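Reading through the structure tokens given below for one structure.
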Number of protein chains: 2
Amino acid sequence: MAKDQKKQPRPRAETPKGFRDYFGADVTERKAMLDRIAEIYHRHGFDPLETSAVETVEALGKFLPDVDRPNAGVFAWQEEAVPGGGSGDWLALRYDLTAPLARVAAQFRNDLPSPYRRYAMGPVWRNEKPGPGRFRQFYQCDADTVGSASVAADAEICAMLADALEAVGIARGDYIVRINNRKVLNGVLEAAEVRADQAEDVLRQIDKFDKVGRDGVLALLTVGRKDDSGAVIEGVGLTEAQAAPVLAFLTSKGADNAATLDNLRAAVGASAIGAEGVDELAEIAGLLVAMDVAEDRAVIDPSVVRGLGYYTGPVFEAELTFEILDDKGRKRQFGSVAGGGRYDGLVERFTGQKVPATGVSIGVDRLLAALRAKGLAGTEAQGPVVVTVMDRDRMADYQTMAAELRAAGIRAEVYLGNPKNFGNQLKYADKRGGPVAIIQGGDEAARGVVQVKDLVLGARIAAEASLDEWKAQPAQTEVPRADLVAAVRRIIG
Amino acid sequence: MAKDQKKQPRPRAETPKGFRDYFGADVTERKAMLDRIAEIYHRHGFDPLETSAVETVEALGKFLPDVDRPNAGVFAWQEEAVPGGGSGDWLALRYDLTAPLARVAAQFRNDLPSPYRRYAMGPVWRNEKPGPGRFRQFYQCDADTVGSASVAADAEICAMLADALEAVGIARGDYIVRINNRKVLNGVLEAAEVRADQAEDVLRQIDKFDKVGRDGVLALLTVGRKDDSGAVIEGVGLTEAQAAPVLAFLTSKGADNAATLDNLRAAVGASAIGAEGVDELAEIAGLLVAMDVAEDRAVIDPSVVRGLGYYTGPVFEAELTFEILDDKGRKRQFGSVAGGGRYDGLVERFTGQKVPATGVSIGVDRLLAALRAKGLAGTEAQGPVVVTVMDRDRMADYQTMAAELRAAGIRAEVYLGNPKNFGNQLKYADKRGGPVAIIQGGDEAARGVVQVKDLVLGARIAAEASLDEWKAQPAQTEVPRADLVAAVRRIIG
């Protein structure tokens, strides 16, 4: 056995490409953020749902057409077909939290309340080429209302999203929830007499509004334009008269919701679907006021075009408006951290019945990055008080000290490595981010005292102080053993 | 497109066999329990670690020998080998939290503090035949100390386990952490002159001590016995003289730790490894006292034999000692909810260096079941106040009510289904487990009042009251609109 093992090459200690581990504060900071969001969702009547990570490829659906490569985009495998055991089904890791919600809404349609408000937080997996900062497992955080056709459901989710952002620490004024409506765009296309076969092209071009601006989109909708590299991009072929209402739509944001809605009514002309879309936005605007969500928190904004191709009604996006420095040191707005909207056909694949639904997804990693950029995550000292071991035979004394500190609610641990080299113990305390080290040798034990070393102050003195100051060791004080907890409290506050 | 869809059979809305979803309280109750455990672990200096769900089969290790069926026991699949993309590696879902810890301890050995205390909580996956109550995805909750050879690490984990059980609500006296040591058993086998080739058989037989008792094990160690079905089970072939120290070991628990340790010293005779094992247990007993953990919480108990075959030093198990009724209505002790011990070779596979480690794993589902059996989980009302919709055009008013309640910290939602049938709204409120329904028709709105309906009281009256009492509707009261929040507070307390 031992011989065999020697012959085998050692396995590589590596995560698979595109996967990563989360250590310490990575875990607690994300958890604290998600807990705050969950509290807001809970208070709005949303129930948690945790689906299994594994689904049948059949239920996930999106990837069915590619029968030869059912694992394109997903991690999939075929179960062995064993009598009484494996089914021979293709199984896969969920690639988002919406597809499992569709399956649940269909599977439990007779048991779930209707409408069903649920939130879900957890990892999803994508079988994509990994790259810098692009991982194949990442967190999503979704809230959806299934079974309500009322735009009150959409308004509620926008208000809840604003509340959630404030709950994690984003100040009012540092974010905005922008709301648009696919139906208004449909009305605009109708008003502009855009042919059905051109609609998809128009959608693709207005998606570039953020990047190329009004004139760029005008060119793309009509005769085409050259991009930065000089390559010619073909236009959709609309006349300028046809493009005008589309541009009016994109730029119809006014000084307030009332003005924006007036502009939109003009842009949709006589289109019935367009009028319906504008009415829905007006109703959402009214509901937001009713929920005490002012326009500085959530606002009608027709320049939101992301997702317009996917959603069927209201579309929303949350943007952080404060500036951060990018990789090259340039100031830029932090940008989008959440998006969502109303969609059809969620449950229809399974049951044949149309079930209206609306929802939002928060980009967990992006929002956490924003909190870190603003100093809103991970500011608290997380390291434990480290009780060092001067005398291996008095481990029980050291454990008593740690237990006393813990009983007082203070995070504390005894050094459990080889105690021989005391310098290693202080290096360890440093690595742990500990605020305080406790030291008690035989001499101190005999005198009934302990040394309490302020590691934060100690580090500052080591960096800044003169030799005399350093020798005075103001960071280390001797206290009676009975005052241990009080002395540590004085330092960590 | 629509035509094609019609032809395709509808997908089944089902979880794969052996997988399940967790709804509402299933999620929150488990989360509350794990949060309390995490707080205890954190206070003891343990850091969270969240590894990726996916590992290479090579790193997971256990399944390497079966090269033809690398997915026996695990869910595994082979990546496509694509230039610049997929590696062609076999990937798998983690089957426990220890194998990933081994990989992490090796991969990050130069960065992690040493010793490294970490806890991990999360799902693991087993490709096993599913059965009633046996799922292929379930939660584990582990705490391990990697890199400390000191039994202070073992003692600390036993104390922490006791604290964790109390933190989730298990009363002192309702649980016991029992501690044994593989080295003591090794000493006993040495004292009994058991041959090396017999040791494994002896271990297998003493594992049955719980079931067959002292005399049963005696038979199994010597000449064999008949089981309940009359089948003959071959004995190991020890003499009665050889079996005696083994039985002495198993039954050496005395009135207190001191007595138990005396009995163990007698059982190991002159064995050096046995004496080392007893010394370790004595040290652990002393450290527990130092940490203020009395013998009614954690105790030396040589009858703990589960895991003795796997672990290399101290072994521990947490048992819940209160009685519950089993499936057949018989009283029985709840039993084991956690187990662990010291193990070697964790990191050695990767690096060739021995790294001592010790840890414990809590059975999340079992502990949660215990809390439910004791009424310690899910007792709080979780449903929201439901604001009903009498008048579709006044949705804004209803949303204002819900927003006011939420601003006061009360969980609340507006009914978002079709409001036509009012009975459906009350049925919905019922299904949601809501404590209160709010009702305001046009008449009430004109008079500036709302109806506040106590659904809990209402249900009791519906079940018990006479017709006259029922007609009096004591569960429904009219209050001024301005008193909405106060009136709801009076009911939900």
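All residue numbers here begin at 1 and follow the chain in the order shown.
Including glycine, each Cβ sits where the backbone N, Cα and C put it.
Automatic, uncurated: that is what TrEMBL annotation is.
Predicted, not measured: the structure shown is a model, and the values here were computed from it.
Per TrEMBL, domain 'Aminoacyl-transfer RNA synthetases class-II family profile' is recorded for A:1-384. Feature annotation from TrEMBL assigns L-histidine binding site to A:Asp96, A:Leu97, A:Thr98, A:Arg126, A:Gln140, A:Asp144, A:Arg306, A:Tyr310, A:Tyr311.
Structure coloured by features recorded in TrEMBL.
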residue: A:Asp96; record: L-histidine binding site; Cβ contacts under 8 Å, 6 or more apart: A:Val124, A:Gln140, A:Ser361
residue: A:Thr98; record: L-histidine binding site; Cβ contacts under 8 Å, 6 or more apart: A:Asp142, A:Asp144, A:Leu346, A:Gly359, A:Ser361
residue: A:Arg306; record: L-histidine binding site; Cβ contacts under 8 Å, 6 or more apart: A:Asp207, A:Val315, A:Glu317, A:Ser336, A:Gly339
residue: A:Tyr311; record: L-histidine binding site; Cβ contacts under 8 Å, 6 or more apart: A:Arg182, A:Gly341, A:Arg342, A:Tyr343
